[in-house]
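*Asks:* This is the structure I want to talk about, given as structure tokens.
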Ligand code: PEP
């Protein structure tokens, strides 16, 4: 019933040549054997070329960020309609690196969500707690706050354009992964929050991805959990074989 998704967040990696090389390698993979929708999120500079390269492929393209405005005097920024015009279908919003390094607030993220949906870009909305909050057993509250403040201003009907990515900050790029049980526990919690805010139908339809050091050797176990609908993959998405193996875990 829910779409299973494996998305690769390339972060600030890959110049144009490297990007094309990686995309061509991914194109050679036979993803038809997997049930997952496959998405890649290259840096802005590679998006148009990625769109051209992937034209006859089922692989979809995401941006790693967006600006919340339509156009204007926002030097250095990229708008949702610009992204649409180069074949982008998804936008990652609220990645922990954007929250921490660029100090993106829940309030700003809420505006980005609105802007993306207004332009028909699907949203991959990232939430997740830092280590201190996990240690203090506050992770359930953290994700609830992040959802409330960044996402729950949208209407139930707009939720079909939203995928949630739970990414514990302590597991991103650290080699440390949440156990499948920890992932399941919090995904189930997120689903309950969605049901309370919207409805059982919405929660049953919303894909919730896990992110945080997912690799070929742990993907299957994590994805097997009933409330985990796939993964947002950082480091391992930069290697075509590893990423493909993760996709094939479904
Ligand atoms: C990410 O950046 O979203 C991520 C999950 O990174 P990694 O897989 O490298 O932990």
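Residue numbering: from 1, along the chain as shown.
Quick reminder: no glycine exception, Cβ is built from N, Cα and C everywhere.
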*Asks:* Please pick, from 34, 199, 213, the residue that TrEMBL records in the substrate site together with 9, 10, 11, 173, 234, 235.
*Replies:* 213
*Asks:* Of 9, 10, 173, 235, listed as binding-site residues, which ones have a Cβ less than 6 Å away from ligand 1?
*Replies:* 9, 173, 235
*Asks:* Among all chains shown, work out which of the recorded positions 11, 95 has the most CB atoms within 10 A of its CB.
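*Replies:* Per the Cβ count, the most surrounded site is 95.
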*Asks:* Of all the binding-site residues given, 9, 213, which has the fewest Cβ neighbours within 10 Å once its own Cβ is left out?
*Replies:* 213
*Asks:* Compile a sequence-ordered list of residues in the same chain as residue 167 (active site, proton acceptor), six or more apart from it, whose Cβ lies below 8 A from its Cβ; state 'none' when nothing qualifies.
*Replies:* 95, 96, 126, 127, 128, 210, 211, 212, 232
